[in-house]
Amino acid sequence: MVGKSGGGGGVAEEDGAAAVRRWVEAGGGRLVMDGGLATELEANGADLNDPLWSAKCLLSSPHLIRKVHLDYLEAGANIIITASYQATIQGFESKGFSKEQSEDLLAKSVEIAREARDMFLKEHSDRPIQHPILVAASIGSYGAYLADGSEYSGDYGEAGTLEFLKDFHKRRLEVLAEAGPDLIAFETIPNKLEAQAYVELLDECNISIPAWFSFNSKDGVHIVSGDSLIECATIANGCSKVGAVGINCTPPRFIHGLILSIRKVTDKPILIYPNSGERYDAEKKEWVESTGVSDGDFVSYVNEWCKDGAVLIGGCCRTTPNTIKAISRSLNQRHSSLHLPVA
Ligand code: MET
Ligand SMILES: [Zn+2]
């Protein structure tokens with residue numbers, strides 16, 4: 001059995017969705033996720049122009065990763081996502097690291113997040129804070145590793161076979177699970193085949209940690225490859241280890257319809273962490289500004305997403321601790337207004 005039970009309690013044989021529901025309940029019915037990690041690393045001065053993207057900081061500035069995790073916790077996040085999105089054994093090896101060193105770097109991403117959680121809990125031991133606080137180990141797609149924009153097209157050409165993708169992700173998944181996160185976050189999944197590869201790996205590697213599957217869309221109906229979201233969510237729904245299904249790194253205006261599609265095929269908890277609505281130009285490797293929504297606008301969607309049934313809510317690229325602060329405030333208000341005594 002790969003994986004230890006984490007800070008949220010033992011989940012050895014528990015169904016993934018049951019574990020997530022238990023955490024959601026402990027959080028009062030909703031959990032706040034963090035915002036863009038890479039975005040905030042850059043805001044703190046990191047240069048991420050590298051195939052490793054945010055994972056470059058595992059080499060150059062781990063203290064910065066810890067700081068950003070702490071900033072998101074201070075902003076009210078219940079869940080912090082590790083800097084392993086674009087960290088792969090293959091990526092580290094191509095920089096000259098040995099297999100063992102590469103595996104250590106992957107594990108380090110989880111250790112840094114766990115350290116940040118411990119520091120935060122210690123710092124606030126004398127006053128009430130949000131609970132639970134969970135570490136999610138990020139796994140980005142094969143396209144994210146390629147760093148050629150295919151994470152936003154899902155087009156892997158010849159390499160796009162099930163066996164290839166399983167082989168690509170297997171050891172990485174095992175190493176991250178062994179490092180003791182509370183959750184495995186399969187993020188920005190661009191196509192159906194990769195979702196299928198993840199489901200098979202979770203079973204074959206006997207992973208005991210709940211996972212979430214999060215897809216991205218650029219038209220509000222399909223995921224980015226053109227595959228049907230309904231089919232992808234059905235694949236996730238078929239795996240007992242999947243604790244939550246949702247959407248990330250997608251403009252806020254598409255989220256309402258996407259939640260309704262997911263809801264048609266699963267009762268698992270739904271998670272939503274959109275980007276700011278700006279568009280990523282894969283050729284220039286930059287976000288095209290001026291098309292995004294403000295933090296205030298972003299938050300005005302939160303109520304709607306809650307009504308639609310989302311229970312885990314945060315932000316992805318171009319969102320910041322301020323966005324998370326605003327989400328957290330809005331969810332708390334919502335929570336207390338739902339519990340107002342009837343006059
Ligand atoms: C392209 S989506 C990136 C998700 C990742 N958790 C990050 O914010 O760095
Ligand atoms: Zn993103």
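Don't overthink the numbers, they just go from 1 along the chain as shown.
Glycine is treated like the rest: Cβ placed from N, Cα and C.
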TrEMBL Zn(2+) site partner of C316, C317, selected from C239, C249: C249
Mean predicted confidence [pLDDT] for the domain 'Hcy-binding' (19-331): 95
Long-range Cβ environment of C316 (Zn(2+) binding site), under 8 Å and at least 6 residues apart: G35, G36, T188, N248, C249, T250, Y273, P274, N275
Largest tally of Cβ atoms lying within 10 Å of a Cβ, found at which of the binding-site residues C249, C317: C249
Collapsed DSSP category at C316 (Zn(2+) binding site): coil
Residues flanking the Zn(2+) site, with Cβ no more than 8 Å from the Cβ centroid of C249, C316, C317 and excluding those residues themselves: G36, T188, N216, N248, T250, Y273, P274, N275, G315, R318, T319
